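Remarks on the structure that follows.
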Amino acid sequence: MFSRIAKRSFSSTAAANYKVTVLGAAGGIGQPLSLLLKLNHRVTDLSLYDIRGAPGVAADISHIPTNSTVNGYTPEDAEGLKKALTGTDVVLIPAGVPRKPGMTRDDLFNINAGIVRDLATAVADHAPNAAVCVISNPVNSTVPIVKEVFKQKGVYNKNKLFGVTTLDVLRASRFLSQVAGTDPTTEKVNVVGGHSGYTIVPLLSGTKHKSTLTNEQRDALTHRIQFGGDEVVQAKNGAGSATLSMAQAGARFAGSVLKGLDGEKDVIEPSFVDSPLFAEEGIEFFASEVTLGPNGIEKIHGLGELSNFEEELIKTAKVDLKKSIVKGQAFITKA
Ligand code: NAD
Ligand code: LMR
């Protein structure tokens with residue numbers, strides 16, 4: 001802590017020191033995500049953990065000349081997970097199995113729920129103050145699992161738990177730009193709800209194309225954003241789901257969390273968080289824009305003005321969301 005403050009006060013351009021840990025770092029997402037994190041100047045200590053292969057990934061990435069040390073750990077070192085987590089500021093969790101064609105994200109629950117529960121237990125034990133960014137599917141259930149584990153351990157902080165929905169946001173920008181014929185880097189779409197099929201709700205009425213998109217274009221775009229993951233699963237034909245675009249999404253989200261921790265102002269990203277927006281209806285988590293700050297979430301934004309079409313999408317999303325959240329909670333509380 002002292003070195004972080006000292007560095008900043010001596011030079012306005014000095015990078016802050018942050019430790020970031022990737023759990024599942026040798027996987028399809030984990031490897032490119034770790035690479036992108038190695039390129040982030042705010043990351044000075046990168047810890048990679050996987051049940052297999054993380055030391056090799058760490059050795060490889062460590063040759064890139066940026067200002068961070070990289071260490072890889074596996075369970076062969078009995079203290080590996082503890083070492084990966086101790087003192088970390090941000091934990092990203094892409095550990096778990098991906099979909100094959102014909103599967104829903106919920107079909108991954110039986111395997112991934114246990115993986116996420118066990119990793120969350122280790123995070124609660126060794127890095128209870130870290131910001132935790134959950135990538136493993138089904139996100140709508142795995143994030144509530146982390147909450148319940150942390151609650152049982154007495155270390156839950158709702159401002160530091162995030163379901164990573166950034167890939168939906170990237171897809172929305174890209175797909176909208178293809179329809180509108182614009183530069184995708186200038187397209188910003190807020191995507192709310194959750195991260196699975198009809199729970200993914202892009203708010204296209206909040207974009208600059210609100211009045212130019214036809215209803216047919218709006219419907220087709222919305223469907224493509226909701227089911228964009230299926231396009232990749234089908235194209236990979238049994239070899240997994242989105243990994244490279246997800247790595248970019250995860251690196252962007254982690255970068256924003258780090259900017260917030262580092263005191264940068266007005267850092268806003270949509271994320272699936274413990275939210276008051278629909279809590280009265282028993283929906284404890286909802287994705288919407290959040291402002292990120294030194295203590296994690298500083299503000300959860302409302303949804304703003306919605307079109308009738310979007311109101312209907314939200315209604316549908318809430319039904320699926322509630323079931324997935326309750327399923328995740330019950331996995332821990334009824335175990
Ligand atoms: P993958 O199989 O390529 O990699 C998963 C990695 O997790 C493997 O290296 C595996 O060894 C590791 N692992 C398994 N159990 C572990 C444990 N207990 N501890 C540490 N590591 C463990 O899969 P992938 O393509 O990288 O996808 C990973 C997950 O991310 C999947 O559940 C997938 O559905 C999800 N995903 C989410 C999003 C999103 O937008 N949130 C996008 C794409 C994929
Ligand atoms: C995605 O949106 O690409 C991920 O959630 C992976 C998947 O299963 O589609």
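For all residues, glycine too, the Cβ spot is worked out from N, Cα and C.
Values in this document were obtained by computation on a predicted structure and should not be read as measured data.
The feature domain 'Lactate/malate dehydrogenase N-terminal' is assigned by TrEMBL to 19-163. Taken from TrEMBL, the feature NAD(+) binding site covers GLY24, ALA25, ALA26, GLY27, GLY28, ILE29, GLY30, ASP50, ASN112, ILE135, SER136, ASN137, MET246. According to TrEMBL, the feature substrate binding site maps to ARG99, ARG105, ASN137, ARG171. What TrEMBL records for 165-331 is domain 'Lactate/malate dehydrogenase C-terminal'. Look at TrEMBL and you will find HIS195 tagged as active site, proton acceptor.
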**Asked** Counting only residues 6+ apart in the same chain, whose Cβ is under 8 Å from the Cβ of ASN112 (NAD(+) binding site)?
**Response** GLY96, VAL97, SER136, ASN137, PRO138, THR142
**Asked** Largest pairwise Cα distance, Å, within the listed NAD(+) binders GLY24, ALA25, ALA26, GLY27, GLY28, ILE29, GLY30, ASP50, ASN112, ILE135, SER136, ASN137, MET246?
**Response** 18
**Prompt:** Of GLY24, ALA26, ARG105, ASN137, ARG171, which binding-site residues come close to ligand 2, meaning Cβ under 6 Å from one of its atoms?
**Reply:** ARG105, ASN137
**Message:** Restricting to the domain 'Lactate/malate dehydrogenase N-terminal' (19-163), what is the model's mean pLDDT?
**Reply:** 98
**Message:** Out of the binding-site residues I have (GLY24, ALA26, SER136, ASN137, ARG171, MET246), which ones have their Cβ sitting under 6 Å from ligand 1?
**Reply:** GLY24, ALA26, SER136, ASN137, MET246
**Prompt:** Taking the Cβ of GLY28 (NAD(+) binding site) as centre, how many other Cβ atoms lie within 10 Å?
**Reply:** 19
**Item:** Distance [Cα-Cα, Å, rounded] between ARG171 (substrate binding site) and MET246 (NAD(+) binding site)
**Value:** 10
**Candidate with sparsest Cβ neighbourhood (10 Å radius) among ARG99, ARG105, ARG171, the listed binding-site residues** = ARG99
**Message:** Other residues near the substrate site, CB within 8 A of the CB centroid of ARG99, ARG105, ASN137, ARG171?
**Reply:** PRO98, PRO138, VAL139, HIS195, SER196, GLY229, VAL233, SER241, ALA242
**Request:** Can you check which residues sit near GLY30 (NAD(+) binding site), meaning Cβ under 8 Å from its Cβ, same chain, 6 or more apart in sequence, and list them in order?
**Result:** VAL22, GLY24, LEU48, ASP50, VAL57, PRO94, ALA95
**Secondary structure tally of the domain 'Lactate/malate dehydrogenase N-terminal' (19-163) (DSSP, helix then strand then coil)** = 63 helix, 28 strand, 54 coil
**Asked** If you measure from the C-alpha of ARG105 (substrate binding site), which of the recorded positions ALA26, GLY28, HIS195, MET246 fall inside 10 Å?
**Response** HIS195
**Message:** Excluding near sequence neighbours, so keeping only residues 6 or more apart in the same chain, what lies with its CB under 8 A of MET246 (NAD(+) binding site)?
**Reply:** ILE29, LEU33, PRO94, ILE135, LEU167
**Asked** For HIS195 (active site, proton acceptor), which residues in the same chain are close in space, meaning a Cβ under 8 Å from its Cβ, but six or more apart along the sequence?
**Response** ARG105, ASN137, PRO138, VAL139, ASN140, GLY163, VAL164, THR165, LEU167, ASP168, PHE272, ALA287
